[in-house]
Ligand SMILES: O=P(O)(O)OC[C@H]1O[C@H](OP(=O)(O)OP(=O)(O)O)[C@H](O)[C@@H]1O
Ligand SMILES: O=c1cc[nH]c(=O)[nH]1
Ligand SMILES: [Mg+2]
């Protein structure tokens, strides 16, 4: 069974409050999503391997550590996942970026695929799939399946807000994928929206409603 990490860092929780607030406008919403994604990436990369190196400080030689060079990738689920990418790349500029286009059919709530482009060496990379919202879990589960079908082996899922149902579905379909979130909310409403949630993440990021 995969693990679920809920990041309770005060900066993440503080910023998430303003992300949720309906009075937060598009510009600030976008900035905050990017900032929280960066803070979450900091926490989610704790297990990156290090290796020893020796450098010269101005004073003396120093045995110290650098990243062991694991290849990384970030895979946003379009559209809303795009809002998290730049924050993560601020911390990990060498990561490659793949894209998976999915939208949730508003009637059936089923994910519909329209695009998939991943790095050619996807099998060698540790990948973080990103989407602000894990609601029914259908979109994230389908995106992870696409990634695996194209050779991905090591995948984490990072979302701002999850529902209990979404966590359960991803854990059931992908027990090898750990889930990183800033909050697990109470439930889904009749339209499949996370409650209390933050509304429609894509519309709030891009001002389309
Ligand atoms: O867990 P689920 O029930 O599948 O719902 C979550 C999905 O819904 C939203 O995307 P949406 O379909 O609104 O597409 P958009 O990002 O283009 O707005 C969200 O960004 C997730 O991808
Ligand atoms: O609460 C939700 C559910 C799906 N998609 C969103 O953007 N928000
Ligand atoms: Mg949307």
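The backbone N, Cα and C atoms fix where each Cβ goes, glycine too.
What TrEMBL records for 6-208 is domain 'Phosphoribosyltransferase'. Mean pLDDT of the predicted structure over the domain 'Phosphoribosyltransferase' (6-208): 97.
Around residue 139 (5-phospho-alpha-D-ribose 1-diphosphate binding site), the same-chain residues six or more apart in sequence whose CB sits under 8 Å from its CB are 77, 102, 103, 104, 111, 131, listed in sequence order. In the three-state DSSP classification, residue 139 (5-phospho-alpha-D-ribose 1-diphosphate binding site) falls within a helix. The 5-phospho-alpha-D-ribose 1-diphosphate binding site annotation in TrEMBL covers 79, 104, 131, 132, 133, 134, 135, 136, 137, 138, 139, 200.
Neighbour density for residue 201 (uracil binding site): within 10 A of its CB lie 25 other CB atoms from the protein chains shown. TrEMBL lists 194, 199, 200, 201 with the feature uracil binding site.
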Taking every protein chain in this structure into account, which of the binding-site residues 137, 199 has the most other Cβ atoms within 10 Å of its Cβ?
137
Expressed to the nearest Å, what is the distance separating residue 79 (5-phospho-alpha-D-ribose 1-diphosphate binding site) and residue 201 (uracil binding site) at their Cα atoms?
9
Neighbourhood of residue 194 (uracil binding site) by C-beta distance under 8 A, where only residues 6 or more apart in the same chain count
133, 134, 135, 161, 162, 163, 166, 185, 188
Taking ligand 2 as the reference, state which of the binding-site residues 133, 139, 194, 200, 201 have a Cβ closer than 6 Å to one of its atoms.
133, 194, 200, 201
Surrounding the recorded uracil site, with Cβ no more than 8 Å from the Cβ centroid of 194, 199, 200, 201 and those residues left out, we find 80, 132, 133, 193, 197, 198, 202, 203, 204
